[in-house]
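**Student:** My questions all concern the structure below.
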Amino acid sequence: MTKPYVVCLMGPTASGKTGLAVELAEHHNFEIISVDSALVYKGMDIGTAKPSAELLARAPHRLIDIIDPLEFYSAADFVLDAVEQSQEILAKGKTPLLVGGTMMYFNALQKGLAEMPQADAELRVIIEAEAAEKGWAALHEELQRFDPEAASRIHPNDPQRLQRAIEVYRLTGKTMTHFWRQQEAVSLPFEMINMAVMPKERSVLHERIEQRFYDMMDQGFLAEVEGFYRRGDLTIDMPSMRCVGYRQLWQYLDGVDLLEDAIFKGVVASRQLAKRQLTWLRGWEDLMIFDSLSKDLVPEALNYIESRII
């Protein structure tokens, strides 16, 4: 490679990305940059499966705990931060290892951000009124009809992105998918090596997701959400509190669901998140996928990286 290289390690939730990243960092001259839209928030530790203090001591992660849950962090913010952090790491003679499951961030970094129309306040009021009358699920069905690819990537309980996809279509007559495909790649000062890790069997991933959610409940996830609930300045519609698990437990605290129902919905939402992440990964070009259950996972990943940089 003529340019320095950056390694991107992707994968669905609960696939073993963090464990592999820490192992790689201990065997190679890597520094880790988190690619996770939930890990940026301070105090959101249990429900995001934030790496433990022990793991962070072994392999520090950049772009973790950088903003309050009241604040907003966009894909554009991530691109700026990731490029800056990568250049800092490269200047030290080390290799950036970008690790996470927020595929939109990886996509924005590698393929650029599309030039889409500005938000239209009047149209947004109309869409919000429709949602209040019919529900966001009905608007998601509408999106499914004219842009099924975007609908597969946007959850019905993600009103911000759902509203934007409908707004863009009504303003331009073109789908969000159209704009994604028109993106202009950012001119990056480094090459990308793309890898993903996941179990070969989908059932194994589903079991991991369910077990991790129950483990998080045992670790005090409900108390963590309750702390945010009682702050008074956060709402369920903010990006931070829309994160998987937080939204469902917030609804329990609001009296909408019984706790057992909220937990069930949290597990289902986690599996749906994994499905959307896998949808992104299936269309990713030049991606090497590793089995997270392989006993030789670390040497296999290191050998692949070395084969790419020769």
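In case you wondered, yes, glycine gets a Cβ from its N, Cα and C as well.
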**Student:** Which stretch, out of 36-39, 192-195, 268-271, is listed as region 'Interaction with substrate tRNA' by Swiss-Prot?
**Tutor:** 36-39
**Student:** Check each of the ranges 25-29, 160-164, 200-204 against Swiss-Prot and return the one annotated as region 'Interaction with substrate tRNA'.
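**Tutor:** The listed stretch tagged region 'Interaction with substrate tRNA' in Swiss-Prot is 160-164.
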**Student:** Between the candidate ranges 86-91, 116-121, 242-247, where does Swiss-Prot place the region 'Interaction with substrate tRNA' annotation?
**Tutor:** 242-247
**Student:** Between T102 (site 'Interaction with substrate tRNA') and P12 (ATP binding site), what C-alpha distance do you get in Å?
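**Tutor:** Rounded to the nearest whole number, the Cα-Cα distance is 9 Å.
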**Student:** For the region 'Interaction with substrate tRNA' (160-164), how many residues does DSSP put in helix, in strand and in coil?
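**Tutor:** With helix first, then strand, then coil, the region 'Interaction with substrate tRNA' (160-164) has 5 helix, 0 strand, 0 coil.
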**Student:** In DSSP terms, helix, strand or coil for S15 (ATP binding site)?
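**Tutor:** Where S15 (ATP binding site) sits, the three-state DSSP reduction gives coil.
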**Student:** If you draw a 10 Å sphere on the Cβ of G16 (ATP binding site), how many other Cβ atoms land inside?
**Tutor:** 20
**Student:** Within 10 Å of the Cβ of S15 (ATP binding site), how many other Cβ atoms can you find? Include all protein chains, please.
**Tutor:** 24
